[in-house]
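In what follows, a structure is listed as structure tokens, so that the remarks can point back to it.
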Amino acid sequence: MTGSHRTSHAGDGAPEDDLGTFQTLEQFILDRQDSFPHSTGAFSRLLRDISLAAKIVNRDMRRAGLLDVYGSTGERNVQGEVQQKMDALAHREFVQALRRGGECCLIGSEEHAEAIPLSTVSKEGDGKYIVLLDPLDGSSNIDVNVSVGTIFSIYRLPDGYEEEEPDPAAALQPGTEQVAAGYVVYGSSTMLVYTTGNGVNGFTLDPSIGEFLLSHPDIQTPSRGRLSSINSGYYHSFEEGLRDYLDWLQQKDPETNRPAKTRYIGSFVSDFHRNLLKGGIYMYPATESSPAGKLRLMYEANPMGFIAEQAGGAASDGHRRILEKEPDKLHQRTPLFIGSEEMVRRAEAFLQGEPERALSA
């Protein structure tokens, strides 16, 4: 990571006085509220509700080995994927937290076929936010104790929306319309990282006081990284341009940080978080079996794309900017190339059959 950040935090044996050097998430939101174009108390409360749900999920994650929350529910979600018990639990916690708060009128979740209406829309401005999320990304890794995460994206109802009952179609907005996005990574420590379009900031949960504390202010990702994250087991099902790019990454050239180091956990949040801080590219391309890609545009690619761009990186489907894609359904899939800008632009050039443009970059 090239931006400055604190590397220790209260709860690691630091004196109590050191707490004064840290800012809580709630304090940070209130301090920045005036610089946010949609500044309202409702938005601040919405972020508080999301962070509360994340704390509850984190608590249950820490006790997963002692509770009956490993394994699957025996059911499949709308994606056709086997639903893990922690998937269902995390979905329930986020829905309950957002329903209690009243700031969110619609929630779209990976675990539910349609957007869920949560509240009516008031003329005073309450209930005008839409939250799209993957409640627990990488949940198949839980029973082997690998880091997992939550991804969320926040929109407002379109200007001029007059209906009291929220229309699920209102959730289908391009990523450029996001007012905030973030993720939580449940790892050796629990971090919440988010943006409102004014940079990216990270907060580490101090379990001793139950607060997210600012630990990574103004995150900037290196423009050129050395990490490559992709499931290379599908190499022979990738299109030729991508295979050429992967081969190029493994050639030795210190001037362009090659050969790249391959790091792939299989948990999108964890892989993205590492590459955001250290510099690299995460790739989940189209394959023969998934020609439209595998990741979901609305609650995986768009929020992470917003964060990547705000940190100085880039996000593309290989041919165009992710945030500009027009959605036609909640669970729409997309290929994704995201991370350090120079690496994403080179990947695009190879995919578009212009390797000479990549080599001259």
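Just so you know, glycine gets a Cβ as well, placed from its N, Cα and C.
Summarising the annotation, Swiss-Prot assigns Mg(2+) 1 binding site to Glu110, Asp134, Leu136. The Mg(2+) 2 binding site annotation in Swiss-Prot covers Asp134, Asp137, Glu300. Sequence annotations record features per position, and here Swiss-Prot assigns substrate binding site to Asp137, Gly138, Ser139, Ser140, Asn231, Tyr264, Lys294 based on sequence analysis.
Fewest Cβ neighbours within 10 Å among the binding-site residues Ser139, Asn231: that distinction goes to Asn231. Within 10 Å of the Cβ of Leu136 (Mg(2+) 1 binding site) there are 29 other Cβ atoms, across all protein chains. The maximum pairwise C-alpha distance among Asp137, Gly138, Ser139, Ser140, Asn231, Tyr264, Lys294, the residues recorded as binding substrate, is 17 Å. Asp137 (Mg(2+) 2 binding site) falls within a strand when secondary structure is assigned with DSSP. Taking Cβ-Cβ distances under 8 Å and a sequence separation of 6 or more, the neighbours of Asp137 (Mg(2+) 2 binding site) in its chain are Val148, Gly149, Thr150, Ile151, Tyr183, Ser267, Phe268, Val269, Glu300. Around the Cβ of Tyr264 (substrate binding site), the number of neighbouring Cβ atoms within 10 Å comes to 16. When the Cα atoms are compared, Tyr264 (substrate binding site) and Asp134 (Mg(2+) 1 binding site) turn out to be 19 Å apart. Cα of Leu136 (Mg(2+) 1 binding site) to Cα of Asn231 (substrate binding site): a distance of 20 Å.
For Glu110 (Mg(2+) 1 binding site), the same-chain residues lying six or more positions away in sequence with a CB closer than 8 A to its CB are Asn77, Val78, Gln79, Asp87, His91, Leu133, Asp134, Pro135, Arg296, Tyr299, His331. The binding-site residues listed here are Asp134, Glu300; among them, Asp134 has the most other Cβ atoms within 10 Å of its own Cβ. The Mg(2+) 2 site is defined by Asp134, Asp137, Glu300, and by the 8 Å test on Cβ atoms against their centroid, the other residues of the chain that qualify are Glu110, Leu133, Gly149, Thr150, Ile151, Phe268, Val269, Leu295, Arg296, Tyr299. Non-local neighbourhood of Lys294 (substrate binding site): Tyr284, Thr287, Arg333, each in the same chain, at least six residues away, with C-beta under 8 Å from its C-beta.
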